[in-house]
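Take this structure, written in structure tokens, and hold onto it; I'll ask about it next.
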């Protein structure tokens, strides 16, 4: 995923945006999306009610909201599900896995609150309109691949030897981050099945613009791959929740 498209919508009361991440491991331009929303509180809702309904008493609305909150929490504490203003159902659910048939409440939280939106709530989202589209790219970008044994950037790499990558945003971090060799399918596209990827765990240089690593010794001569860099690095001491990935052009093992 070396590309993301950012879509924004704006209205008089707020703004939000949809980020579409391009998956370059798939055929065509396939995307997965993330909606980055603004969160408003009860005070904002009350202000909007007063704007629509002139003369509405703010204190009365605040008290009513407080009463509803107290009763909803009381119902949940009894193990009851609550239909919240016909917008959806809030209910208690078991979380985690446990050994044996007993549970010690002192060890961990047993219950968690969950919410299932109603059709009314889902239908309200149909009113969201897209008014502005912008394009951004925060994924690793590989601009050159150099065989450090030969010093050439001709796409021919030597098994068991070191490879140098130039580019942008290449620094690897995160538990599942790393460098991988992705085999190609019959259409010369990288295979999406991660179980077929070959990891290159020996990384000798790990920087934003340069990356160096060793290829495994057991690679087959003539095999073709694309190098994939996966990272969760955002900035110093900060990681992203979603992996960022970049692919090289096709390379051949000598």
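Note that Cβ sites are derived from N, Cα and C of the backbone, with glycine treated the same way.
Where the annotation comes from TrEMBL, it is an automatic prediction and has not been curated.
Copied straight from TrEMBL:
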type   : residues : note
DOMAIN : 17-131   : domain 'Bvu-2165-like IHF-HU-like DNA-binding'
DOMAIN : 142-245  : domain 'DUF4469'
If you average per-residue pLDDT over the domain 'DUF4469' (142-245), what number do you get?
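Mean per-residue confidence for the domain 'DUF4469' (142-245): 94 out of 100.
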Of the residues in the domain 'DUF4469' (142-245), how many are helix, strand and coil by DSSP?
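The counts are 3 helix, 55 strand, 46 coil.
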